[in-house]
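Comments concern the structure below.
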Amino acid sequence: MFPPIPNPSVASDAATPRFGEKDVMRRSASEVTPPAQRLTEVAKLIDVSKCIGCKACQAACLEWNNLTEEIGFNHGTYTNPMDLTPDTFTLMRFTEWVNPETENLEWLIRKDGCMHCEDPGCLKACPAPGAIVQYSNGIVDFQHDNCIGCGYCIKGCPFNIPRISKVDHTAYKCTLCSDRVAVGQGPACQKACPTQAIVFGTKDEMKDWAELRITDLKSRGFENAGLYDPPGVGGTHVMYVLHHADTPSIYAGLPDNPRISPLVDAWKGMTKYVGLAVMGFAAAAGFLHYVVAGPNKVSEEDEENAERLADGTPPPAPPAGLHEGRTP
Amino acid sequence: MSADNLKTDTPNDVEPGDSVRPGHPVQVSRYTLPARINHWITALSLVLLALSGMALFTPKLFFLTGLFGGGQWTRVLHPWIGVVLFFSFAGLFLRFWRANLPAREDGTWLARISDVLRGREERLPEIGKYNAGQKFVFWGMSGLIIVLIASGIAMWDQYFYAFTTIEQKRVAVLVHAVAAVCIICVWIIHVYAAIWVKGTIGAMTRGKVTGGWAWRHHRKWLRELVGKPRRPVPRPGTPAE
């Protein structure tokens, strides 16, 4: 068993946050100088093989974050609500999967939510300065005061996590309980998990712990057991132990090889720089042209010709060979 | 066939409201009051869209959201201004599309683009109400506005989130950004041409240009106008050509 995080201290200084603004490593739509020293990276490890689907984590998440989910409908599945919402930061997704090798029905239960990517697509896509920050311990957090509700984070996210609230029109997702972690506590979901399927600690500790779990799973015949810490997004600060790590997508569509979409990269990279350059060039070309060619002015002769035409006096004929149309 | 039809290749070149008033100088009515109002609503929308869009396009220009009452308001207003622009431009399209159909002299005009840029109009063919450059602006705007409204709706999450997949939204934001860059370039060409070619802006403010302006830049149109009967005569039946 992984040593549980001790209960909070009652000492008066225990509530002082241990990280904050000074530890911001990345800030959306802003340039920041990363802190000289990085905090120890934290991670949440979700061991899918130990999950019993009790949803205590889902309830704890609502409770800690003071959220109330709408009463929904039974859609014939344990998954409830049917998708992440602005109020449901974490969601148990239940999949009934027939293992083609053993023909056994396997009940795959995955706790879905923000993965806290090392290379966060949401932050990259966000146009509002400071609406998304990444702390040097790896936590990616939304700052609702700065959020404009455009939904670009949704397009940037490779995991389809953020949701825009219809109430305050800002984006919501798992915070990795940054407020709890700041005072030395684990996330609420981890605290509530009765089977230690969710554990929390430093990223290195979590990797070591995952290794033990994977060895155990392999000894029980799950030869494809492995850690899900996708390199396409630089690794994540929420990791899974999967019994079928060769096919993550069987776990309710967990991306096999997540990465920030090349479309988003092109949009936020090339398009921005080339676009600004092209517009700048067009304006500069106009200016230069004016300087070089000078204004295109109507001459006195043009006015006289027009007057003659309007008076019915034949004005000069169109230059031969230039005008192919018939003239009166 | 009416006599009017004999005179030009493109009888649609003369638009309702276009007329010549002899005098010194000759005055030519180019745009009716409704057309001008229609144009300026479109222009204002396009400028506001460019400002609010650029604010969301690059963090360096995010401060422009201040013009619209902050980030949230910019996000709210931008798509609605887009709707205004779409319908306003649709009005312009219906007014102007006939006169912007390709004509034979457009090819020659384009082939002699260097003379155009040097202002040597005596070396250019006689042009109808619009030259090929103006037609490029017209059709460029028309096409890009269709692309922008379509991609814009796909990324208007407040009302249309459920109608597209995230992958489609990603395509939409990229297409929207590229099309926006293009339309701003077309807009720069449009505005620059109006500044460069003196006497043009009056066409969209007072609705009139001088005869000399029309003679110099749109001689074919001017000839058509001079030859036009004072009051529009209903065409006898449908021509069988």
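Cβ coordinates are placed from backbone N, Cα and C, and glycine is handled just like the others.
Feature annotation from TrEMBL assigns region 'Disordered' to B:1-25.
The domain 'Cytochrome b561 bacterial/Ni-hydrogenase' annotation in TrEMBL covers B:30-207. Regional average pLDDT for the domain 'Cytochrome b561 bacterial/Ni-hydrogenase' (B:30-207) in the model is 96.
According to TrEMBL, the transmembrane segment annotation covers B:37-57 (among others). Sequence-distant contacts of the transmembrane segment (B:37-57) (same chain, six or more residues past either end, CB-CB distance under 8 Å): 31, 63-65, 67-68, 74-75, 77-78, 81-82, 84-85, 88-89, 91-92, 95, 177, 180, 183-184, 187, 204.
Residues or ranges marked as transmembrane segment in TrEMBL: B:77-97 (among others). Same-chain residues lying 6 or more positions outside the transmembrane segment (B:77-97) and placing a CB less than 8 Å from one of its CB atoms are 15, 35, 38-39, 41-42, 45-46, 48-49, 52-53, 56, 68-69, 130, 138, 141-142, 145, 148-149, 152, 156, 158.
Per TrEMBL, transmembrane segment is recorded for B:136-156 (among others).
Summarising the annotation, TrEMBL assigns transmembrane segment to B:171-197 (among others). With a threshold of 8 Å between CB atoms, the same-chain residues lying at least 6 positions outside the transmembrane segment (B:171-197) that come near it are 46, 50, 53, 57, 133-134, 136-137, 140-141, 144-145, 147-148, 151-152, 154-155, 164, 204, 217.
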